[in-house]
Amino acid sequence: MLIGEIKEPVSVLKGTGKVVLAQLERLNISTIGDILSYWPRLWEDRTQEQMFSQWTLAHRLQVRVSVTAHCWFGFGKSKTLKLVVQDGQGCVAELLCFRRNFLHFMFPVGSEAVVYGSFYEKDGLLESSSFDIEKIDCIEKKILPVYPLTKGLKQMKLRMLICAAMDQWIGTVDSELPKPILEKYHLLTKRDVLLSMHTPRTLDDVAKGKHSLIFEEFFSLQMTIGMRSLQKRGRLPLTQGESDQQSAIPSVVSELSLLQKKLHRCLPFELTVDQKRVITEITQDLEREEPMARLIQGDVGSGKTLVAFFSCLKIIEQGGQVALLAPTELLARQHADTAARLLAPIGIRLAFLTGNVKSEGRAYLLEALVAGEINLVVGTHALFSKSVRYHDLRLVIIDEQHRFGVLQRSALIQKGREGNPQGKTPHIIMMSATPIPRTLALSVFGDLDISIIKSMPGGRKPVITYIARKTKAEKVYEFVGNEIEKGRQAYFIYPRIHDIGLTDLKSVQCMYMYLKNYFARYAVAMIHSKMTEEEQQRIMKYFSEGTVHILVATSVVEVGVDVPNANCIVIEHAERFGLSALHQLRGRVGRGDVQSYCFLMHGDEMTECAKRRLKIMGSTADGFVIAEEDLKLRGPGDVGDTKNFEQSGYSGFRVADPVRDYPILQVAREAAFELLRKEKGSSEAR
């Protein structure tokens with residue numbers, strides 16, 4: 001049977017009283033299957049002996065010693081034993097025996113022992129309070145697993161319980177992976193995995209066991225992803241190789257529909273190679289019977305929205321409706337304004353719907369939607385509220401998709417089914433201005449076809465990034481003033497809205513007053529999330545028109561703000577912002593044909609992680625490189641849509657790491673999809 005099918009309670013093991021059962025419950029261990037698959041977090045190599053001279057802070061030592069003295073420190077009940085020991089080279093160390101004074105009797109002066117532990121240096125001597133000590137004749141040289149614990153539970157007890165479970169049940173365990181997969185990819189059976197993880201003979205055993213477990217976790221997820229895609233679309237997602245082949249499509253102009261050609265002729269610039277390719281990929285998807293599910297990734301300012309509008313026209317020309325969902329009213333308004341500028345002149349009927357649309361206008365808009373008089377509606381979460389109904393919603397475009405939960409996205413998709421005459425699932429395009437690392441793209445977003453826009457519109461110059469201490473603020477302000485004198489505009493970004501007075505963190509409101517006085521000749525405005533949507537829209541309108549020269553803001557301007565004349569952004573307390581946020585904020589400039597500048601101002605004290613973030617920002621402007629580095633710094637659980645994906649079946653990895661184990665992920669994906677293709681072919685043959 002499979003390990004997860006072993007449902008006997010862990011209480012059948014000897015030595016599991018009420019206290020131990022409660023401890024195991026805190027570790028989510030309630031069955032034999034649970035305890036067998038409770039994997040170690042590391043393994044201690046106790047097969048080799050070292051000398052104290054080989055000590056480093058990063059490693060534990062196993063040393064054969066002789067006890068040379070017993071010392072005591074503290075008074076009364078807190079009196080504690082200190083064992084003084086010496087290795088074969090005469091190097092001395094001290095063992096602080098907190099709550100282990102009984103070692104005084106077990107290891108008298110002159111006795112020999114083997115000590116295993118981590119040491120630190122104090123006053124020229126090595127000391128340890130975290131150690132194991134065994135008599136010479138009792139020592140077993142082996143690889144010991146070390147498990148995550150909970151309060152009161154000891155390693156020795158947990159090891160004993162796991163070994164007892166292994167002795168009784170290991171013979172009943174079958175492998176989750178099919179035998180041909182095990183053989184083709186040289187993987188261990190599940191029984192051998194259990195032996196390699198819990199009772200390894202060598203560290204090589206551990207490596208083989210971990211590799212097989214990692215492959216199994218990735219394979220299981222990719223099978224789920226593949227089956228979901230087959231159910232929804234009748235085909236598997238594109239593999240990396242197939243995506244690369246698609247990227248060879250050189251041109252799109254000849255394949256444009258009538259409305260798309262009209263929009264293309266109106267553009268004052270040429271589409272980039274990547275935009276053309278992605279438009280073709282989407283157009284081909286829209287001509288298929290099964291619903292499209294595609295993620296468009298692009299760096300800041302790469303032109304994803306324009307690609308989405310070209311996609312809209314294909315659907316509208318076929319008589320369908322399109323809904324474009326944005327996470328904030330500010331971003332939704334930006335999209336609506338862009339659509340009005342580009343699509344209204346070629347006859348597209350547009351609407352804008354948010355929670356703030358007044359009742360009279362809202363009633364008319366809802367009637368027009370259900371009557372099919374509106375081709376494209378742009379809005380926020382109001383698009384999937386109960387009162388909104390569609391005539392024939394065939395395409396849903398979700399911008400900044402990571403800001404929406406799976407349930408919210410599903411609600412809008414359900415609206416499409418309800419509003420479709422045949423009850424079909426609408427096509428889905430998700431857009432992300434935060435590049436998603438390839439590692440997460442294959443794991444978390446593996447059931448989507450992925451299009452990548454890397455090439456940037458022509459004529460743009462790379463943003464020059466400066467990293468400076470806060471003491472250089474005056475020079476930075478002076479530089480920005482010179483740029484504004486030339487007719488440019490600037491952003492000043494701060495981590496707080498209000499000055500709370502407990503720290504030296506600058507705030508938007510405080511710096512707005514300061515900068516208004518410093519740049520007295522120019523118009524200075526502020527914007528933050530506590531302002532009403534109407535206030536934010538008014539300020540952004542003034543800034544876009546050039547009436548406001550300097551915008552003091554929080555990260556509310558992180559996405560969706562496109563002002564080509566703004567060429568300076570000053571981010572103060574940059575060490576307080578995440579890598580992704582810094583990259584998005586930097587993307588507010590560099591959108592015109594003039595040289596742009598980003599100033600990352602930091603305080604005197606920074607964590608190592610903050611220093612690393614700023615160093616990365618100074619070394620590259622490639623959003624995909626930054627996304628990979630961000631994933632390394634924060635881990636896969638904190639990046640992208642991982643938590644949202646959990647709602648639809650993703651439960652995370654226990655051993656695998658998509659960053660560290662990316663090569664295994666690629667192989668497991670190919671293996672899973674190959675198996676699904678064979679199964680699909682067999683079922684069709686029948």
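Each residue, glycine too, has its Cβ placed from N, Cα and C.
Of the candidate ranges 359-362, 399-402, 415-418, 459-462, Swiss-Prot annotates residues 399-402 with the feature motif 'DEAH box'. Model confidence over the domain 'Helicase ATP-binding' (285-453) is summarised by a mean pLDDT of 83. Taken through DSSP, the region 'Wedge domain' (47-141) splits into 13 helix, 48 strand, 34 coil. For the recorded ATP site, residues G298, D299, V300, G301, S302, G303, K304, T305 set the reference point as the centre of their Cβ atoms, and the other residues of that chain within 8 Å of it by Cβ are A433, I453, M456. Around D299 (ATP binding site), a 10 Å sphere centred on its CB holds 23 further CB atoms from the protein chains shown. Counting every protein chain shown, the Cβ of V300 (ATP binding site) has 23 other Cβ atoms within 10 Å. The Cβ neighbour count for T305 (ATP binding site), using a 10 Å radius and every protein chain shown, is 22. Neighbour density around each Cβ, counted as other Cβ atoms within 10 Å, peaks among the binding-site residues G298, G301 at G298. In sequence order, I296, G298, M431, A433, I453 constitute the residues six or more apart from K304 (ATP binding site) in its chain with CB-CB distances below 8 Å. The C-beta environment of S302 (ATP binding site), restricted to residues of the same chain at least 6 apart in sequence and closer than 8 Å, consists of T272, D274, I453, K454, S455, M456, P457.
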